[in-house]
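Colleague: One structure, pasted below without further comment.
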Amino acid sequence: MMHKIAKFPLNFPLWFTLILFGAMSLFVGLHGQFAVNDDWVFVRQVEAFLSGQWAISSVIDPSFISQGLVGYVWGSVFGVSFESLRTLTLLLTVVFLVVVSKVLDLLEVSEKTKLAVLLLVAFNPLIFTSAFSFMTEIYFLLFFVLGIYFYLRSFQDEDRKGSRSNHSVVANIFLGSLFTGLAILVRQVGIVGFVAYFLSALYFKKLNVKNFLVALVPVISSIGIFSLWPRYLDEGVSNSFTGLLSNLISSEQIYGRLTKMLWSLPYFVFFMMPLVFFSKKKQHLSAWVGVLGLAVVLALATQLFKLDIFPVGSVFYIEGLHVKSDFRSNFHIFNNVIFKEFLAVLISLAAVRLTLLFKFKPKLNSQSLFLLLNFLGSFAVLFFGNDFYDRYLLPAFLSLLLFVVYYFRDVIEFQTKFQWAALILIIVISVLHQHEFISHTRLRWQQAMLIQQETGIVNGIYVDGTYGKYFNALSEDDYKGEVSGESAGEYECYVQEYTMDTNSIAFHFGQWADKTSQRLIENPDIYEAKRSTELPKIKNNLDKLIHNESYFSLESYLVGKEAWVGSWCKTDSQN
């Protein structure tokens, strides 16, 4: 019996991944009426659709059309709320994982590798946190990978002979372009999938006029829908194509953009670390290569540590999720010198390992070239937008991951304890960060709602930037994007999370380890962290708290701390 249970993950990798994903989702928690990042803008847009207002808000840069229509259908049945649309996203994340599994079946990777890839995708920190919001990531990735799946099937069918196979080729090309078109209608960069297919088919002479027209029609239709769809701009209602031109990079941003693109490369290594680092198939290297590799590892690890490992931001940091604004450093199981140094070295070693993989040069075929072009295109297109965030890397990550496991399928194995340890590390970081973020965000919004009921104050409560923007737009009944910032004026009440030290052994040991390590190396803060000098600190106002509630935080508990959310108002606001 125990043997069968132990074999279950390898025998049923998709089911194991879905069960674990579901269990961790329940651990994080699904309930709560609160916004995450900018998803309040998209939730408001679905509300606008349901009220018959079809023009898209000026603060929405992505296409959003197909995602908005999916939300419209769901909202028509289940209603529109943060909780409702979060449930929709979680369900579509499951569908996304099923499609990724189907792609891996097409690529004929081993069951062990399939399990590793599914877990790396499901618990990628950026994907896992996106599953708990109504941001565009999951919706785009679902349509993007569906396009990849059918384009890959068309390449495989093209290699077969017979009239039945020809019909299948045409059908799969059409479906690939249809889902690519839907991806374009979530984010404009979805066009990369079609370009990758076109160039791969052209290079391997798998493209004729009929197939090209079949592929082109859905994509052109999607571009047409996007171009003509009404969208609010500063000067009034216009089409979406006009708005697109205003979102391109400016000349002043070019140097900074190239720097951020360079800094984003370690993200790809970290996200694939279990696969590319510890391989059981030995590589015989000369002594000078080993010395050079060690020097590169030390140099890269030093630079990564100085930049706090993940400097691109806006979502994922070692310190937590969405913590760059009003950053307050808090010692926990991940936010310390020892762990950051360890992770920097591990990522650097994995980077060298990934580089050495390319000494094996299997011949490119239409499928591997298609996946490679998807990666290169998805990464290169990030140069042209006026914004650059870590979550924008996900299409490139997914394409690179699929390319690596397919192109190096005869080299990479997943079966060592070190690989499992690296995979578990990523899962633990992802789940604990998400649990921490959701737990205190839910409590902060709950306390803000209580203060609203008790005092009548709405916009004068400081929770975070997201809360302020959402309620400012809500109070002004704004669907156009005219009210996109926080309300002006001083705050009357504040809601903050904080930790309290305990007298436990874990706390004293953690403090000793932290102080000892920082005598040698200072713990770097988030790169370009934003600190507010105007906001009062909750620990200076503990005697004024009107609401105070603890929550379970494993990140803090493991170093002997208790986690709390508290709120207080200025004296005259409580009367």
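Every residue, even glycine, has its Cβ placed from backbone N, Cα and C.
In case it's useful when we look at the structure, here is the feature table from TrEMBL:
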{"type": "DOMAIN", "residues": "79-199", "note": "domain 'ArnT-like N-terminal'"}
{"type": "TRANSMEM", "residues": "12-34", "note": "transmembrane segment"}
{"type": "TRANSMEM", "residues": "85-104", "note": "transmembrane segment"}
{"type": "TRANSMEM", "residues": "116-149", "note": "transmembrane segment"}
{"type": "TRANSMEM", "residues": "169-199", "note": "transmembrane segment"}
{"type": "TRANSMEM", "residues": "211-229", "note": "transmembrane segment"}
{"type": "TRANSMEM", "residues": "261-278", "note": "transmembrane segment"}
{"type": "TRANSMEM", "residues": "285-305", "note": "transmembrane segment"}
{"type": "TRANSMEM", "residues": "337-356", "note": "transmembrane segment"}
{"type": "TRANSMEM", "residues": "368-386", "note": "transmembrane segment"}
{"type": "TRANSMEM", "residues": "392-408", "note": "transmembrane segment"}
{"type": "TRANSMEM", "residues": "420-438", "note": "transmembrane segment"}
Colleague: Can you tell me which of 116-149, 211-229, 392-408, 420-438 gets the most C-beta pairs within less than 8 Å of the transmembrane segment (368-386)?
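Modeller: Between the candidates 116-149, 211-229, 392-408, 420-438, the best contact partner of the transmembrane segment (368-386) is 392-408.
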Colleague: Using a Cβ cut-off of under 8 Å, list the residues of the same chain at least 6 residues beyond the transmembrane segment (392-408) that approach it.
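Modeller: Residues 100, 103-104, 107, 109, 113, 117, 120-121, 124, 126-127, 130, 137, 140-141, 144-145, 148, 189, 192, 264, 267-268, 271-272, 275-276, 312, 354, 357, 360, 362, 364, 367-368, 371-372, 374-375, 378-379, 382, 385 contact the transmembrane segment (392-408) from elsewhere in the chain.
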Colleague: Just to be sure I understand, if DSSP states are collapsed into helix, strand and coil, how many residues of the domain 'ArnT-like N-terminal' (79-199) fall in each?
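Modeller: Per-class counts: 100 helix, 0 strand, 21 coil.
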Colleague: Are the transmembrane segment (420-438) and the transmembrane segment (261-278) near each other by the rule of at least 3 C-beta pairs under 8 angstroms (pairs 6 or more apart)?
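Modeller: As far as Cβ distances go (cut-off 8 Å, pairs 6 or more apart), the transmembrane segment (261-278) and the transmembrane segment (420-438) touch.
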Colleague: Test of understanding: applying the rule of at least three C-beta pairs under 8 Å (pairs 6 or more apart in sequence), is the transmembrane segment (285-305) touching the transmembrane segment (211-229)?
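Modeller: Output no: the transmembrane segment (211-229) is apart from the transmembrane segment (285-305).
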Colleague: The transmembrane segment (169-199): which same-chain residues, six or more beyond its ends, come within Cβ distance under 8 Å?
Modeller: 62-67, 136, 139-140, 143-144, 146-151, 153-154, 157-158, 207, 210-212, 214-219, 221-223, 225-226, 244, 369-371, 373-374, 377-378, 381-382, 395
Colleague: Counting a contact as 3 or more Cβ pairs under 8 Å, with residues at least 6 apart in sequence, do the transmembrane segment (12-34) and the transmembrane segment (337-356) touch?
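Modeller: Contact criterion not met.
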Colleague: Under 8 Å between C-beta atoms and at least six residues away from its ends: which parts of the chain pack against the transmembrane segment (285-305)?
Modeller: 266, 340-341, 344-345, 347-349, 351-352, 356, 521, 524
Colleague: Are there residues at least 6 beyond the ends of the transmembrane segment (337-356) whose Cβ is under 8 Å from a Cβ of it, and what are they?
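Modeller: Result: 265-266, 269-270, 272-273, 276-279, 283, 285, 293, 296-298, 300-302, 304-305, 308-309, 318, 404, 422, 513-514, 517-518, 520-524.
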